[in-house]
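The block underneath contains the structure these notes are about, expressed in structure tokens.
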Amino acid sequence: MSIFVPDTETKLYGLLGKTLGHSISPVLHNQAFHDLKLNALYLMLETGEQDLGEYVQSLKNIGFLGWNVTIPHKETIIPYLSGLSSLARDAGAVNTVLNRRGRLTGYNTDVIGFQRQVEETGFIVKDKQAVVLGAGGSARAVIAALIQLDLAKITVVNRTLAHAEEVITIFQEKAPAVEFEFCELEEEKYAAYIKDADLIINTTPVGMYHAQAETKLVINPEYFHDQQLVLDLIYNPLPTELLKAAQAKGAQIGNGLPTLIYQAEASFKLWTKKMPDRSNWLKLGQKAVAEINQQ
Ligand code: NAP
């Protein structure tokens, strides 16, 4: 890609988070701006929890037209926005902001991205049971998508029980037709839920490259079987140890790269009203992950 020189007309976008080290979003968006000949730039926007309000105000003042939001700001950014899309409201989390003449609207394209990935697996999930591992921002997006996909039962398994209960309480009100349960991340408690589940999704960072966790497996993979679809939102490494273990048990598996690509595509479309080249993004994503793993 030739060197891009910004000017006074350059439209600004970015990724707002606390520690962005290995994100591949800038590679994807900047390549698409280049391919579509758009005078635009996607930057890393790092800030901690303390400065979030001031930082958002600065982005608005500078004239950023939109940005993605990641850990740990997906929920805490909400008070600084003027409005939310219905999916962002359902998820209680925002991963994309659109600045329309100073009015900031929050969207959640993770919901769309994850829903699309599940649909493309061909696995029938309607009226089935899912277990969501984790209860953070991405778990909320996953649950909102599972509700759209008409799952019959959703169980949230989480390290901190109170967080799982909080998430379940929010969604129980929004989707009374779905059966919700929650339990702690303890083998004797989660084992039966995992055995009975049709779809299991890891939304925790356990197993992620460079993560601080002592283990690479968030649960004992013993309970996986060949009638299940096991998905991991992590896209680095590809595949995770959890997915390798699930595959060894005969389960259908899927890594986090498709969700990442589809959510990025939906954000890009919101900002520019244009479509990036998806197959190019998939290749770029795989290449970027391979390069990170060589570091
Ligand atoms: P988050 O809001 O910080 O939530 C993290 C969740 O994981 C919490 O429920 C937390 O449990 C649990 N957790 C963290 N460390 C753990 C550990 N060592 N053992 C057990 N549980 C642990 O993060 P997030 O935004 O949901 O993101 C989570 C992961 O999803 C990250 O790896 C991120 O890269 C990935 N992600 C991927 C995509 C994609 O497009 N593929 C999109 C979004 C996110 P507690 O409640 O006990 O703290």
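Here the Cβ of each residue, glycine as well, is placed from N, Cα and C on the backbone.
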Next on the checklist: For the shikimate site that TrEMBL describes with Ser23, Ile24, Ser25, Thr70, Asn95, Tyr235, Gln263, which of these is also annotated: Asp7, Asp51, Asp110?
Outcome noted: Asp110
Checklist entry - In TrEMBL, Gly134, Ala135, Gly136, Gly137, Ser138, Leu233 are given as binding NADP(+), so which of Gly106, Gly207, Gly254, Gly256 is in that site too? => result Gly256
Item to check | Among Gly134, Gly136, the most crowded of the binding-site residues [Cβ within 10 Å] | outcome: Gly134
Next on the checklist: I'd like the per-state residue tally for the domain 'Quinate/shikimate 5-dehydrogenase/glutamyl-tRNA reductase' (125-205) from DSSP, helix first, then strand, then coil.
Outcome noted: 36 helix, 21 strand, 24 coil
Checklist entry - Over the domain 'Shikimate dehydrogenase substrate binding N-terminal' (15-97), what does the predicted model average in pLDDT? => result 95
